[in-house]
Every structure is written in structure tokens, then in C-alpha cells.
Amino acid sequence: MEVLINDFSPGLFVVQTILLLGLIFLLVKFAWKPILTSLNERESGIKDALAAADKARTDMQNLQADNEKMLQEARAERESMLKEAREIKEKMISDSKELAKVEGDKMLKQAQVAIESEKKAAVADIKNQVAELSVAIAEKVIKEELSSSEKQLKLVDSLLSDLKLN
Amino acid sequence: MKKVSETLKTAALLFVICFSLQGFASSDEDQNLSVDTKDEVDAYITHHIKDAHDFHLFSYTSNGERKHVGFPLPVIVWSSNGLATFMSSAFHHDDDGKVVVERNGSSFVKLHSKIYELEAGASQVEFDETHHATNAHKVLDFSITKSVMGILLVGLFMLIVFSSLAKQYTSKKVPTGFGRVLEPLVIYVRDEIARPNIGEKKYRKFTGYLLTVFFFIWILNLLGLTPFGFNVTGQLAVTAALAIFTLIIYTVSGNKDYWMHILWMPGVPVLIRPVLAIIELAGAFIIKPFSLLVRLFANISAGHIVVMSLIAIMFTLKNSLGVVGATGLSLVLSFFITLIEVLVAFLQAYIFTMLSALFIGMAVAEHDHEHEHDAQGHELPDTEDVRGDFI
């Protein structure tokens, strides 16, 4: 102990205290402060970058999911549009078919009616002509028959005989 | 920056060469300082452990003259006649109080690595039977001793190296070159020492001190393992200064809870509180700094003594093992002990910084947490409270 106390140098103690104090101040000012500040900045930068990367990844995933969804929607829409078009086409076809049929029927009926009326007119015409013809024939026959008084008397006789019989 | 460091390097080299040459010139005739016997080994080790006033590299004998190679360092002392400065070469390597240097009206001698001032009128030192000087007293010695030179060198080294690391960050995010080695060490001190012991909220304020102390002690410890023979962290004055810095920091930054726990311990019977206060005060102001300063001093001094003792096997066991055997044994043992000392150099720096951080952490800890209570309604200690018991 005595040796230790004897070895203790107050001068060295003072010098060491002053030098250490100076060293601490200089190092804090010129080394530790900038080093620790930039280390902290770097670490927070890395942390932020990692967080940003994570966020970007989730954003990307969301975007991809959105894209997928939109694609699916578009596909569905296309499907439905195609279906609709097909339906429209079929409907149009059937509609026009029906329309054509109705029109045809109508025309057919009109034709039939026309034919009928034509036929009737023709038949009436024929009847008239036949009647005129028969009247003319009958006129001629009668004229022929009654051309002599003998023939007239004969006829009157036959008619009278018929009457007698009754 | 590069140019400046180049210039510094050149200047340092010139300095060393100049003074080495001067060292070559100095010699003393009468002393034979060869180290062979056990007593001489002891004396040599004791001498080495102490601070020195000149930078001694090695000695050799030529033509019967003992020559010392090294360079002197400035001596700055506060004597009874005021400040006196001279180069340590004025003592001509004398360490026994034989050479008297007169400066500024005072006479100085160097005795066992200490500068003494002779009482007025005395022309040489007189000793009593226990070899204590009777007519001389110690002076306040602000010399640039070997330790101070070590501190200056390490301080300069740290300033250059760490400010250049700091400068690297202005141009890039990740340092290159030597900075790549330093950065993990800085992060290690911050994340493994400062942050867990002081706490997430307050660690930043103390990290500068902890980093400085950690690298200061570590580099000086490693410097002590080089053949230059620095023993800075093995000087009580140096470790005492370091410990007192920590003491001042945790005393000044201690919060209300800290003083409460020291002076009027809550949760114990009132009669015991004054007793506890005495113990706690002793703990805070004597035991904690003392444990810091003695641990570092003792470990580093012991390391130096063990390494030098093992090297001394070469001479002390020369007769029983032969030259080759003693040298081999000495080399093998000192090699492994030196390896362990490299570990110890880091470990002691770590422990000093760790304990400093722990003491600061205890002083600034927030005690706003609720204590759990046992069945009788007594408070149960949590980890925060018992942490001090494990130191």
C-alpha cells in the first residue's frame, strides 16, 4: 500500500485528467458526434428503405390482384357481350323469320282472296255468257220452231195434249 | 488531410532519429546494469512498471561502457522556486539520486523514477537506513514522462483515425479501408455496452465518453504489450483519473430516484435507512471508483510483471536448465501469456467501459415501474433493483 501511494504521481494524474478531458471533447466534437449521427441516419435509412420495399411489395401484390380482378371482369364482360350478341342474333333471325312468315301468310291470303274473287268474277262472267248464249240459242231455236204456223200449231197441240192428260 | 498526416509522420520519424542519436552519445561509466540475478530481475521489473522520464529503448555494453539507446523527454516540475524545465538527459540515466541538476535556483535529483528537490543548502541526497531521502522532498511533476507521451501518441492516433472515419461519412454511407475495421468496434461499444446498460432513451449522451474511454484503454493496453515498454494503464494516476471521470459523470447525472435510493432507501424499515445510506454512499463514492481503478491497474500491472518474469526465466533458470532449455521454456511461456494479455487488453477495456456504463445506467435509470408485491404486501425486487448486487 505504501509503495502504491508512493508510486502515485499527482502530476501524472493532473496531466492525464487534462489530456483525457481534451481528448473527450475533441473526439466528441470531431469524431463521435458525426460518426454516431451518420450511423443513426444510415440505420434509420435502412429501416425506412426496408419498410418502403415491403410497402412496394404489398402495393405490387395489390396491383397484381387488381389487374387479375380487372382481367377477370373484362373476360366476364366479353363473355356476356358475346352471349348477348348471340342472343340478339338469334332473336333477330327468329324475329325476321316470323315476320317473313306472317308477311308470306298475309300475301298468300291476299292472293287467295284475289284468286277467289277472280274466280267468282270469271264464274259470273261465264254464267252471264252462258246465259246470253243460251238465250241467244233459245231465241234462235224458238225463232226456228215458230217460223211456220204449222209448227206453232203442232206445239200448241202438244201442249194441249199435255194439258188434257192432266 | 493526407498531406498533414504525411508531414506528421515525417516529423515523428525525424524526432525519433534525432533523439536516438543523442541517446547514443550519452553513456555512464560506472554502472553495470546487466540483469542476471533474481534481485536484479525484480529491480528491473519494478523499474519497468514505473513511469519513466526518458524513453529508453535498449542498453548495451561496449568497451566496458554501458550505453543506453533512447531519447530524453522534457521534465517540467513545480518546485519551491517555481516552474523548472529541462530535458531528462540532464540526469544522465541516473535513478539513484546521484546526479544533481540545478535549475531555477533549485537542485533536483531523480530517485526511483521520481524527481526530488533537495532542501536549500544540500548538495547531495542523504538517506536514512530504509533508503528514504532525508533532505529532499518530492515535487509536483508535470513532466512529459513516458506515460504522458503514450497518452499523447494514443490521443493523437485516436483523433486522426476517428476524425478521418467521421469524414468518410460525409461522402459515403459505408466507410472503406481502415474505417471498415473501426466502424464495427464503434457499433459494438454503442450496441453492446452503452445501449443495454444505460437504456434506449439516455444512452446517446454518454456514448461519446464511453467510446473515448474504451478505445483509450484498449489502445494503451495494446501499446503496453509492444517492446516499447509503455505501461500507461498500469499507472495508478491514470486509472484513478479515468475512474474519477466515471464517478463525476454518474454523480452529476444521477436523478432523484438514484439519490433517493442512496440516501433514504424506500421499502426498508426507517431505522435501517441511515445505515443503508452510509453503505450506499460508500458504495457510490469509494467502492465503485476504487473497483474501477484498482481492477484496471492491477490487471495490466500484473500482466506486465508476469510477462517480464517469464522472460526472466531465461536468466534465472540458466544454470539449472541450460541456456537452450531456459530460453525455450521462457519463449514458449511468455508467448502464450502474451497471447492471453492481448485478450486481457481488450477485456479490461471492455470491463472498465461496461462498468462505467452500468454505473451511469444505475444513476439515470427510471424507477417509474410498479413493483410486484408478494402475499404479505412487501415489494418484490425486479431485475432493475438487483442488478447492482451482481457487480
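Glycine too: its Cβ is placed from the backbone N, Cα and C atoms.
Look at TrEMBL and you will find B:372-391 tagged as region 'Disordered'.
For B:1-25, the entry in TrEMBL reads signal peptide.
As annotated by TrEMBL, transmembrane segment applies to B:148-166 (among others). Same-chain residues lying 6+ beyond the ends of the transmembrane segment (B:148-166) with a Cβ under 8 Å from its Cβ atoms: 1, 5, 8, 55, 73, 175, 178-179, 182-183, 186, 212, 215-216, 219-220, 223, 230, 232, 238.
Annotation comment: TrEMBL describes B:206-226 (among others) as transmembrane segment. Beyond the ends of the transmembrane segment (B:206-226), by six or more residues, the same chain brings 150-151, 153-155, 157-158, 162, 185-186, 189-190, 193-194, 198, 232-234, 242, 245-246, 249, 253, 296, 300, 303-304, 307, 338, 341-342, 344-346, 348-350, 352-353, 356-357, 360 to within a C-beta distance below 8 angstroms of the stretch.
The feature transmembrane segment is assigned by TrEMBL to B:232-250 (among others). Within the chain, the transmembrane segment (B:232-250) has long-range Cβ neighbours (under 8 A, six or more residues past its boundaries) at 49, 51, 147, 150-151, 154, 206, 209, 213, 216-217, 220-221, 223-224, 284-285, 288-290, 292-294, 296-297, 300-301, 303-304, 348, 352, 355-356, 359-360, 362-364.
As annotated by TrEMBL, transmembrane segment applies to B:262-287 (among others).
Residues 35, 41, 44-45, 48-49, 217, 221, 224-225, 231, 233-236, 239-240, 242-243, 326-327, 329-331, 333-334, 337-338, 341, 344-345, 348, 351-352 of the same chain lie 6 or more positions beyond the ends of the transmembrane segment (B:293-314) yet place their CB under 8 Å from a CB of it. Under the heading transmembrane segment, TrEMBL lists B:293-314 (among others).
The transmembrane segment annotation in TrEMBL covers B:321-340 (among others).
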